[in-house]
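Contents: one structure, followed by commentary.
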Amino acid sequence: MAKLAVFASGRGSNLNAIYDYLDSYRHELALIVTDIPNSGAAQLAHEWDVPLHVVDYSKLSKSQAEAQLQTALSSQGIQFIALAGFMRILSPGFTKSWEGKLINIHPSLLPKYPGAHGIRDSYASTDSELGITIHFVDAGIDTGAIIFQERFTRRGTESREDIESRIHQIEHASYPVIIKSFLDRIDPEEEQS
């Protein structure tokens, strides 16, 4: 069984999709990390009885916060990290220590529209194709090697909310499958009947 940590700052919709998908397999969501104590992600951790680590960036330096993160990850035996709406930039030292074992999902077709406003920037563009990117995390902002992209064609009458909904549907279907493929490389499992 491979052990996964998910870092999330928001309501936890991708986290929920990951949890539901992995429930059918023996890999374990062993830690949820958030920087918002009352986030949806924190509430889900309590609901599911999954260990939760809250990083208080307002009281700690980035290096102190990341030292606490490393301790929490080590204490839970974490082998792989998925960022799912975690709205903090991790340091080059942290990302290097998890190189090849730290991925992120982004709501645009990178390298277009990196950063915190991928949906807004995609919607505001004149691009006919929009989509999502799953990528390794490196020292830059959404600059890591691309693992997977899924595209869809924009319909001319769609609102920003329509686009956001389509993006989230793709994220929720794709991200758990990609995460499981990495967990399977860490600890292959036999097909379950």
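A Cβ is built for glycine as well, from the same backbone N, Cα and C atoms used for every other residue.
What TrEMBL says about a protein is an automatic prediction, not a curated fact.
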Since TrEMBL lists K62, M87, R88, I89, L90 for (6R)-10-formyltetrahydrofolate, which candidate among N38, N104 does it give for that site as well?
N104
C-alpha of L90 ((6R)-10-formyltetrahydrofolate binding site) to C-alpha of S13 (N(1)-(5-phospho-beta-D-ribosyl)glycinamide binding site): distance in Å?
21
Which of the three DSSP-derived classes (helix, strand, coil) applies to R88 ((6R)-10-formyltetrahydrofolate binding site)?
coil
D142 (site 'Raises pKa of active site His') as reference: those binding-site residues from G12, N14, M87, R88 with C-alpha within 10 Å of it:
none
